[in-house]
Amino acid sequence: MVTVNKNYLKLPGSYLFSTIAKKVAAYQEANPDVQIVRLGIGDVTQPLAPAIINALHKSVDEMANAETFHGYAPDLGYEFLRSAIAKNDYEARGCDIHADEIFVSDGAKSDSGNIQEIFGIENKVAVCDPVYPVYVDTNVMAGRTGAYNTKRENFDGVIYMPCLEENGFLPEFPTETPDLIYLCFPNNPSGAAITKDKLQEWVDYANKNGAVIIYDAAYEAYITEENVPHSIYECEGARTCAIELRSFSKNAGFTGVRLGFTVVPKDLIREGVALHDLWARRHGTKFNGAPYIVQRAGEAVYSPEGKAQLKEQVAYYMKNAHTIYNGLKEAGYSVSGGVNAPYIWLKTPNNMSSWDFFDYLLENAHVVGTPGSGFGAHGEGFFRLTAFGSYENTQEALRRIKAL
Ligand code: PLP
């Protein structure tokens, strides 16, 4: 008889966003006339920029002719895209990263979930708390953690680094030394950003301890402040301790198109093995390349027109972020995030639990957000609103919240 991977059974049943969807659907059914404004899920709403649409049309047409047709893409991505990434995302920022250290993929969710495979099962994992759930859940599935601890509401065997108001929502070095450190800045869910000096401390810490940082920079396009790094490779020594994950989802609206990449510098060596080689082996074995059409669309992100159009798109969402941030402040809430990120993190009023506030907001303002506790035990008492709605809906949501 076949056995199942029992690590999966350690995962608590219901997934945050399906619970939210069920609650909202039940409320809408009971109140069919109510106009609900959704500022919950981190999905974009603006259409793809014209430069990207043009690139998609052009590459679709290429697929219609034998001479210009493209089959399997190279495992690690087309040279045209990897060079554009190296030049624009790294060289232009003074980072020593080369095209052959970039692995094109179908997005940062897959990469952030899969990257743990190239590491030994005995490695100690450290994550921020609250956290994007994929980092923890995929390590649970792999068997790198203990059981779910219902009292602490997190997993045994994982090092959680509380990110709270008192530490500016930034992690502190844990008492137990970790091997794998997941950092995500600008942060989902808190919207917190890390300065270059602070990130340098993490790079130095990882190099000193032989740890590896998995740096998720999916939201780098939303950075507005000068002292906030767009890449971990802006820090000295990051080539020997960091892997960086990037996505086209939030900077270019590719959530439904699917494209991302991972950077593994060739100097990143552990136990005498280049992690670049392991990830190349993994990618080559389990992934057959992002579609040609999509990689051409990705290339257009770096064209002059693409850059100009996407700057406007990001600015549109950031206008929403400011609307939410300022509106909540005016209404007397304690708020953070929203300056270098499309997420606003608010403290629930009157010590309400995150889920109580979710119900309160749904029932009284007909606004949907995300309970902070869904991102980890230390997210309790907080709530996330996203800037990815339309400007009109965002304004309406804030009008209602202020009227409460
Ligand atoms: N990483 C973080 C921190 C995210 O918040 C998300 C999506 O919300 C992703 C990765 C997933 O990105 P992608 O759409 O590229 O899979």
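The backbone N, Cα and C atoms fix where each Cβ goes, glycine too.
Just so you know, TrEMBL annotations are computer predictions that nobody has curated.
When the candidates TYR160, TYR215, TYR219, TYR316 are compared with the pyridoxal 5'-phosphate site entry in TrEMBL, which names TYR72, ALA108, LYS109, TYR132, ASN188, SER247, PHE248, SER249, ARG258, ASN288, the shared residue is TYR219. Within 10 Å of LYS250 (N6-(pyridoxal phosphate)lysine), as judged by C-alpha distances, the binding-site residues found are GLY42; the full candidate list was TYR15, GLY42, TYR72, LYS109, ASN188, ARG384. Taking a Cβ distance under 6 Å to any atom of ligand 1 as the criterion, the binding-site residues TYR15, TYR72, ASN288, ARG384 reduce to none. Comparing C-alpha positions, SER249 (pyridoxal 5'-phosphate binding site) sits nearest to LYS109 among the binding-site residues TYR15, LYS109, TYR132, ARG384. Put plainly, the binding-site residues SER247, SER249, ASN288 were compared by Cβ crowding within 10 Å, and the winner is SER247. In terms of Cα spacing, the binding-site residues GLY42, LYS109, TYR132, ASN188, ASN288, ARG384 that come within 10 Å of TYR72 (pyridoxal 5'-phosphate binding site) are ASN288.
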